[in-house]
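Residues annotated as GTP binding site in Swiss-Prot, with sequence analysis given as evidence: 17-24, 85-89, 139-142. For 8-268, the entry in Swiss-Prot reads domain 'tr-type G'.
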Amino acid sequence: MNIQEEIKKRRTFAIISHPDAGKTTITEQLLYFGGEIRDAGTVKGKKTGTFAKSDWMDIEKQRGISVTSSVMQFDYDGKRVNILDTPGHEDFSEDTYRTLMAVDAAVMVVDSAKGIEAQTKKLFEVVKHRGIPVFTFMNKLDRDGREPLDLLQELEEILGIASYPMNWPIGMGKAFEGLYDLYNQRLELYKGDERFASLEDGDKLFGSNPFYEQVKDDIELLNEAGNEFSEEAILAGELTPVFFGSALTNFGVQTFLEIFLKFAPEPHGHKKTDGEIVDPYDKDFSGFVFKIQANMDPRHRDRIAFVRIVSGEFERGMSVNLPRTGKGAKLSNVTQFMAESRENVTNAVAGDIIGVYDTGTYQVGDTLTVGKNKFEFEPLPTFTPEIFMKVSAKNVMKQKSFHKGIEQLVQEGAVQLYKNYQTGEYMLGAVGQLQFEVFKHRMESEYNAEVVMNPMGKKTVRWIKPEDLDERMSSSRNILAKDRFDQPVFLFENDFALRWFADKYPDVELEEKM
């Protein structure tokens with residue numbers, strides 16, 4: 001195997017969107033073109049029992065939302081494609097943000113009736129901060145939506161990124177006729193037996209259709225006043241190519257995939273803690289854990305650490321260093337994924353995502369290296385929780401299952417665990433309420449451990465250096481706790497309690513995280 005040639009073929013990207021913009025549906029269609037699924041049907045088939053391939057967890061199937069990031073792989077047109085389907089729900093932004101550290105590009109799915117929504121904006125900011133290319137898919141043209149020119153204007157005004165339309169819709173909703181493909185200079189037809197037609201046939205096909213006349217006017221305007229196409233600007237994350245289509249009816253998706261693979265970047269390097277970039281073509285293997293997922297197979301209570309390979313080649317059975325612990329590990333049981341189905345893998349290269357079976361060795365953010373290399377990659381973002389719950393086992397006889405469940409779900413980063421410094425009582429912290437619901441559901445369905453959860457409300461979290469700590473600083477308005485790394489932390493009732501503490505202990509420095 002020519003490793004350099006293999007690395008060049010890799011395209012690794014995440015799909016981001018606001019909930020219900022159609023992200024999981026487009027993922028299904030891409031897998032369909034990659035030959036990974038035979039039936040790319042409607043995603044939210046709650047009554048029919050057909051569920052999205054990427055929404056593999058029980059609660060996702062029940063609720064029709066993605067709450068974990070799925071990893072899927074397929075081959076298309078000489079490229080090896082790695083898709084990371086991320087949760088659209090805002091409570092799971094932590095998982096999504098970490099996933100965005102493991103990709104080289106992002107596909108942003110926008111509901112053409114709603115435009116840029118809150119969660120899309122948040123996720124786009126992370127992508128922009130990383131400087132990776134963004135490709136936009138304006139979805140749901142089979143329904144009535146907003147004017148295409150308005151959608152482009154919104155992209156530029158709200159997200160601050162220049163746009164270039166690769167195609168243009170001819171009507172929408174019931175009047176949707178197809179797409180004027182600017183890049184391939186052809187028409188893509190929504191109705192009838194023929195899929196494509198030449199631009200010359202446009203007038204004959206559509207006659208004096210007012211929508212087609214509008215398209216010609218819009219394109220003339222774009223040619224005069226629109227942005228210029230620039231591959232350099234796309235790769236720098238300064239220009240987003242925009243595709244219109246309908247994921248539900250699988251229209252415009254294949255054209256999008258083919259053009260996307262032409263312009264999406266090869267695997268890029270990753271920054272170490274000293275600021276130096278590790279090149280994907282370095283011969284030595286390196287990678288980092290961006291996600292840990294327990295119970296992908298509930299029958300086996302397994303845990304998988306997802307690793308983005310940054311450089312070199314993985315070979316089954318190889319030994320790696322874990323600089324965080326100073327110990328080594330052997331990578332003998334490694335898989336690649338199509339949502340919940342998986343296959344053992346013997347080789348993988350930079351750009352690939354592999355799943356390493358984990359018995360408690362790894363943590364999110366861990367670096368894996370080989371030989372004399374003991375460097376670490378830049379830390380992944382962590383988030384300070386905003387709302388808290390006290391948690392305990394409902395049945396004292398189930399303490400073992402309760403502790404195992406908490407330990408595994410906390411290591412995934414699904415929720416954060418704190419212990420009351422004085423009483424040892426467990427407290428969970430989360431970014432949003434849905435995280436608690438998912439935690440409770442998974443504890444009961446995957447670990448057979450019913451839990452009692454009591455709300456503590458919102459808290460302002462600050463860390464304190466162990467040498468500055470005096471337990472008498474704690475009060476009912478600022479609970480003293482330990483985080484899961486046993487570091488002391490205060491949970492303040494509100495900002496007033498925090499200011500009161502700062503006035504009382506002016507020499508004590510409190511630390512705030514992201």
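Cβ from N, Cα, C; glycine included.
Where Swiss-Prot records a feature, it is marked here on the structure.
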{"residue": "S17", "record": "GTP binding site", "DSSP class": "strand"}
{"residue": "K23", "record": "GTP binding site", "DSSP class": "helix"}
{"residue": "T86", "record": "GTP binding site", "DSSP class": "coil"}
{"residue": "L141", "record": "GTP binding site", "DSSP class": "coil"}
>> Let me spell it out: for each of the binding-site residues (S17, T86), count the other Cβ atoms within 10 Å of that residue's Cβ, using every protein chain shown. Which one has the most?
In response: T86
> Between D20, K23, L141, which of the binding-site residues has the fewest other CB atoms within 10 angstroms in the structure shown?
Replying inline: D20
